[in-house]
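Enquirer: Sharing a structure below in structure tokens format, with a few things to ask.
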Amino acid sequence: MMRLCGTILIVTFLSIKRSTQVNVTHYFEFDVQLHGDRASEGQGRVMIYREKNWQRICNYGWDINDAKVVCRQLGYDPDGTETQLYKSNRKKDRKNSIDKWGYVPTRRYGVHSVMCNGNESFIEQCKMTWQETQKCKEQQDAIAICKKYESDDGIRRTNDG
């Protein structure tokens, strides 16, 4: 299976008649991204692109192995990954702090019960339940805390050469 390395493909079209530039962003099925105030630092609520929409991932059953796969897919070091820990899987114990993780505009939870072993390259290789869920209410998003590689010089390396 061939997959582009980045999660976002920017295509630029140049109109000859008007000399205007238009940027088109194309997302691929199962792309992931982080949302919230710390997303640019590699920390945040996990969103997945499916059926032409960004969907929230419910934190029901979410663990470190799931977060490792998300961080790896985004180009971070999976060995340095952390996630939000919860007292239990009960709804009242899985609420995330808006102060710490920021607010996500209202979007439906489209995924829950993600089950990765931690070695997958992409989240699409993990088992998960695809459906709107009542297992999560507001502020119960899956969290990934990613770490840059030690020798991160801004160049993303792949095994392709």
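Each residue, glycine too, has its Cβ placed from N, Cα and C.
Take a look at what TrEMBL says about it:
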| type | residues | note |
| --- | --- | --- |
| SIGNAL | 1-19 | signal peptide |
| DOMAIN | 32-147 | domain 'SRCR' |
| DISULFID | CYS116-CYS126 | disulfide bond |
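Walk me through the surroundings of each of these features.
Expert: Counting every protein chain shown, the Cβ of CYS116 (disulfide bond) has 22 other Cβ atoms within 10 Å.
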Enquirer: Report the mean pLDDT of the predicted model across the domain 'SRCR' (32-147), rounded to a whole number.
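Expert: Here the mean pLDDT over the domain 'SRCR' (32-147) amounts to 85.
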Enquirer: Including all protein chains displayed, how many Cβ atoms other than that of CYS126 (disulfide bond) lie within 10 Å of its Cβ?
Expert: 17
